[in-house]
Structures are given as structure tokens and as C-alpha cells.
Protein chains: 2
Amino acid sequence: MSVTAPLGFRAAGIAAGIKTGGARDLALVVNDGPSRAAAGVFTRNRVKAAPVVWSEQVVKGGKVRAAILNSGGANACTGHPGFQDTHVTAEKTAEVLEESAGQIVVCSTGLIGERLPMDALLPGVVTAASQLSRDGGLAAADAIRTTDTVSKISFKRGEGGYMVGGMAKGAGMLAPALATMLCVITTDADVPADQLDAVLRRAVAVTFDRLDTDGCMSTNDTVLLMASGASGVVPDPAEFEKRITGLCADLARQLLVDAEGATKAIAIEVVGAASEEDAVTVGRSVARSNLLKCAIHGEDPNWGRVLSAVGVTDAEFEPDRLNVAINGVWICRGGAAGDDRDKVDLRPRDVTITVDLSAGPHAATIHTTDLTAAYVHENSAYSS
Amino acid sequence: MSVTAPLGFRAAGIAAGIKTGGARDLALVVNDGPSRAAAGVFTRNRVKAAPVVWSEQVVKGGKVRAAILNSGGANACTGHPGFQDTHVTAEKTAEVLEESAGQIVVCSTGLIGERLPMDALLPGVVTAASQLSRDGGLAAADAIRTTDTVSKISFKRGEGGYMVGGMAKGAGMLAPALATMLCVITTDADVPADQLDAVLRRAVAVTFDRLDTDGCMSTNDTVLLMASGASGVVPDPAEFEKRITGLCADLARQLLVDAEGATKAIAIEVVGAASEEDAVTVGRSVARSNLLKCAIHGEDPNWGRVLSAVGVTDAEFEPDRLNVAINGVWICRGGAAGDDRDKVDLRPRDVTITVDLSAGPHAATIHTTDLTAAYVHENSAYSS
């Protein structure tokens, strides 16, 4: 179902020959309206891929007819010729849809620094358009995978009967903002572009933006939200935001669980912070400690590595008032050893590390994974 | 030779039973003068080990008679009882040397969060004092090792015949500032404490402080510089600084080569920066990219991962003016693919990644290592 769960959307996913090996590598998602309201959030990396530079401009107009997405190449760091490739891709998509290129979002994912095989991609656009259907959501979600072992899709029904649906990809280079991810979210609710934009920014900030598996920020991250209005439902704003946030959280969780080489899903829950910003800063610092991530992989409740990661931040805290629990056992109290570390059960896949800064009422959770030999293997053997 | 290469110093390294297994774990370095001028640089981590809190105060006085250093336990995050352990260690050392505890530096390294076995450590202080000798430098360097596979020592002769010597330990948690390292540097030159302090800060800033193997900052880092004045030589200030900087660079290089699990020594050389600070910022960001470090391990010249790490910084640069060379081959020019990546030979252990920001005349080099399955193994299997 994914992006075609809501009314007004068709999709396709095909093998255009961009990847070697014959796997699907080109997805097309079309909004048949009646509305074309859209919003997008993009990577904050200053080295932006050509499709990001293009699509940021498209989304500023507030209207998107379609998104064309390829795996098998990021089209990042490809200079002016690469930007031209994106432009030509948008033009070709517009042509087959009898549309303006100014309403075509382009997304790419894969190896940085290489040109896309346009002789495969452009005929692929025509094929994809010919296969557009109301059932095409799963094929589209499959076509955007790189090292993802499974497709990531989600859909939810909102109050009054409207639908939201989405697909995402991303397995490595997951860090704010965003992850190395592409995500397309659709809805048949009738919501104007400025409201979509506000909702999407807030939803991304507390979901995708709090995922940090390897601290590496991508050049291509894109989250696109398109509304067709085809259900005729004008949703309650708060309820709609809750629905979109829930969908993003669901997809973010799927990205986390499928992160490269991961055997643990680790929630770094920071409480007692003087501000939410402090909580996020501390959570990120802990989530990026390679030493801690190795320890959790080895099922070693090494809370000293948590404290040493807290200590490098500028958050408000006193070292001798820090408390740390791992899976509910407060093994560090007042900055020193607390309950017996042998009580910590680290065998389950899900691990929660709670850091209490004892400095205020604010909290935030950052999601990360363990660091494994499989991560090293995947990222040293695969040019991605 | 290490710390006993200069005149006026005696040292010892013994097995006190702090570590299980009978390896050396306690080192004592004594300055017999006539001068006791000293300076120290300590971790910037806000979670500081008890010996760091103690020794910072000692060094402020500008005079140090001796340093007592143990491996087998960091005495970090041990609360007031841990601080008391450090205090008692200093008192015991002072007692056997017939000295004031206010001139005794204490250093500890090992697992965070556990109390030291004082019933082994305190008798060890007496034994170490009884074994002090002019030949004790090697045993002392051996006694401070944790996961270090080899001892790190260095000594150099200065103009006019004075000597500088040093020992260091550190293999994981190497990041500014400093690395997870202890380092004791000695000299028989006659140099006052304020000059030692200025020289040491500048030397550390361009050597240990530019080592970043895993982005993790320790709670225990200490670099101590002690001058005995026993040679009677008052060195030329510039020449003395050059000698101390060279010694630090030599020890930093030894730490890098022995970093946990590393198979490559990677120099991230940032040139064309608008400021030295920009160069350091970019170098650190690249040095902390797990994805890049995996790629280098796999001998894959993945320059896209370099650019994506540059792009997350706030340094001055234009994405389409970035150039990257790996081992001398400019595989990225103007932010896009440059020379043939097949020309890059990544088989040697030493790898140089040159990042040209095309934004100014400044430069800096950060040293890091590759990320390997052996690193993961060592840090998931060993509680350190």
C-alpha cells in the first residue's frame, strides 16, 4: 500500500538498469489531485546532491505533481553536468505526464560522485509512467532500496476517513538531519501547502531527526509530503499532525531496525534536562560514542562510557548528580557506581539507556544502534 | 630510557596487583632537582577522574616532586571515596619520599566507575619507591599500559646538551583533548614553570590534540612536563619548544600506530582554509566519519564520504570549489569527480587525505585510523 494507500495517488517501481544486477531502481509517485499541495524537508549538509538543490526549489512553490526517485546513484558531487542530469530527468517526467517540470521532485540515492546512466534512466521514466497504478506503492518502495534489506512502508487512517501513507529508505549514514534517507509521504486529506510544511517540519524534528546510527549526514536526504485532497476530508489540524508524526515515527523505527550491521536498537533517553536542546545534545553525544556502541554490542553495561560522552557536551549538569540506568537498572547514581551491574540484562534487541541530568524538567530520546563488525564489513566492502 | 633519559630523574615500574594477571601496573617518576618546575595539561571532559581533579591543583603550584601512575583502574566516576583514594595515594607517595603531598601528581587509567584496590596500591607505592633508579624509565613506561600493545617512549638531545624524555600510554578513546592518554615528559634543562606551561600548551595543541582515532574523549587525560634543571643548561626558548613539540609528536605518532584495531594511519591534511580553526574543524569532522574510516579499511578511495563530512561543518568553503586527493591523486576536483580513482594506491599503511577548501592560506592536519572489526571486537569484549 505505502504511498498509494491514500486516494489520488498512483505509483510504479521498475528496473531501469541503473543498478547492475536487474533489481528495481526507479520509482515514480504521482499525485492526481484534485490538490497538489506539498512540502519537503531536506538535508542540512552543505554539500547537497543535485536532486536536493532542484527539489528544494520545486517544493518552495508549494505544489508537486510527481516525484521520480532512483536508487543506484546519489548524483551528488557531480558538478554542473550532474545538475543537468537532474533537470533532464524532471523534464522527461514532466513530458510523459504532460506537466510542467517545475512540479516534479527528483530524488536520488546511492554512491556519491558518479554520474547517473541517463541512457538507462530516461527510458526508465517512460516505462515507469506506463506502469503507474493504484497498486504500485509496494513496487515503488522496493525500487528505492540501497543497502536496505527490507522495504519500509507505513499507512494509517485518520479521523473522518482520510488516509496517510509513506515509504522510506535508509540504512547507513543515518544522522540528523536527516538520515541518508528518502521518504515520500502521501495523504488524501485536503490540507494546504503551508500547513503541510509546518506539520512536516515538526514531525521530522522529533522522529527522523532523532535517529543517529552512525553520525554521518548524507548529501541526499529528502522527506516529501504530498496531499491530493481526494478524500474531501479537511482534518482537524492537531489530529492530522499526530497522524503524520506517528507515520514518521513508524518509518524511522523501520530504518533503525534495518540499520547496517545492527544487532541492537538503542534508545538514549535523556531526562532531567534544563532544556529540550540540552537533552538532544546529550542524547546525540552518547549515541555517537563508538566505544559505548561497541560495549552494548558486547552486552557490557559500560556506564563509564556514557558519562564520558555526557562530559564532552556543554549541557547544564553537575558530574556528581548524574544518574544512568541501562534497561531500568540504575547502575550509576550521583556520578558513581550505583546498583549492581550484573542485574542489567542486555540480551534483548531493544536497549534503553536513561541519562538523568538532574538539571531540570526536559527530556528527549535519540535512537541509535550498536557498532558491529558487520557494519565495518558492509561499509568497507561496499562502495556506497 | 624514556623519562629517565634526562639527568635528575629516577623511575620505577612494578606489579602491585592492581591488574589481575601479574603485569606491571604502578609507575613512579621522581624529580630529584635541583629544580622542580612543572606544568600539566588535562582532559577537557567535564566528567573528570579524581586524579585529574587532584593533579590540576598540584600543577597550579608550578612545582612537582613526583608522579605516581597506575593502570588497571581509572578512578573516574567514583565519587568522594574515589577522591579520597587519590588523596591517600598522594599522601603515601609523599611519605615514602619525605615530601609534601601537594607536590605529588597522581594519574590513573583503566576501567571507569570502579574503586581502586587500595590494599594492593598502597604497598605498591612503597615497593616502587624502593626500586627507583636511573634505569627505571622503561619499566615505568611498561607499567602504564592498558590495551597498548607496546610501550611508548621517546627522548631527544637539545642544543647545549640538555635532554628531554617522555613516556605515554593510550590506544582507545583517543580524541581531543586529549586522547585517553597519560604522558609524562621530563627534561634536565633549567626552565621555569610558567615557560614550561606555555610551551606544553602549544606543543599539545598541535600534537596530541590533533589525534582523533575514535572521537571519544577520556576522563583521565594528563600530560605532565617536569624539569629538573640538572644539566645546568638554560635552553634557547624557541629551540626548547621545538624539542618538546618534536617529542610530543613522536609519542603521538606511537599512540596512533598502536590504536586499537587499526590497520591504517590516516593523516587528514586540510589546506586552503580561511583559518587554522576552520582547518582543524574540517579535519576533525572527516576523521570522525565512521563510513570513511570503514572505506579506507577496505582500501576504497570513497571521496564522497570525505565531502559529506566536510559539508556538515561551518567552515568557510564553496561546495563546487572543494578538491580532495587521496595519497596524492586528486580524485575530486571542483566538488566533482577528478582523476581516475583506480590510480589511488591504498595498500600502504600510511594514508594521506588532502582536503583543499580553496578558501584561504591556512592548514592543519588531524591524525586518525581506520575503523575495523578488530576495534569493534576489542571494545565489545573488553570492559575498559
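Using N, Cα and C of the backbone, Cβ positions are placed for all residues, glycine too.
These come from TrEMBL:
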- A:Thr146, A:Lys169, A:Thr180, A:Glu260, A:Asn379, A:Ser384: substrate binding site (BINDING)
- A:Thr180: active site, nucleophile (ACT_SITE)
Near chain B - the binding-site residues A:Thr146, A:Lys169, A:Glu260, filtered by Cβ distance under 8 Å: none
Residues satisfying Cβ distance under 8 Å from A:Lys169 (substrate binding site), sequence separation of at least 6: A:Ser71, A:Thr109, A:Ala141, A:Ile144, A:Arg145, A:Thr146, A:Asp148, A:Lys152, A:Met181, A:Leu182, A:Cys183
Sparsest Cβ surroundings (other CB atoms within 10 Å) among the binding-site residues A:Thr146, A:Asn379: A:Thr146
Reduced DSSP assignment, A:Glu260 (substrate binding site): coil
DSSP three-state assignment (helix, strand or coil) for A:Lys169 (substrate binding site): strand
DSSP-derived class (H/G/I helix, E/B strand, else coil) of A:Asn379 (substrate binding site): helix
All-chain count of other Cβ atoms within 10 Å of A:Glu260 (substrate binding site): 26
Secondary structure at A:Thr146 (substrate binding site), reduced by DSSP to three states: coil
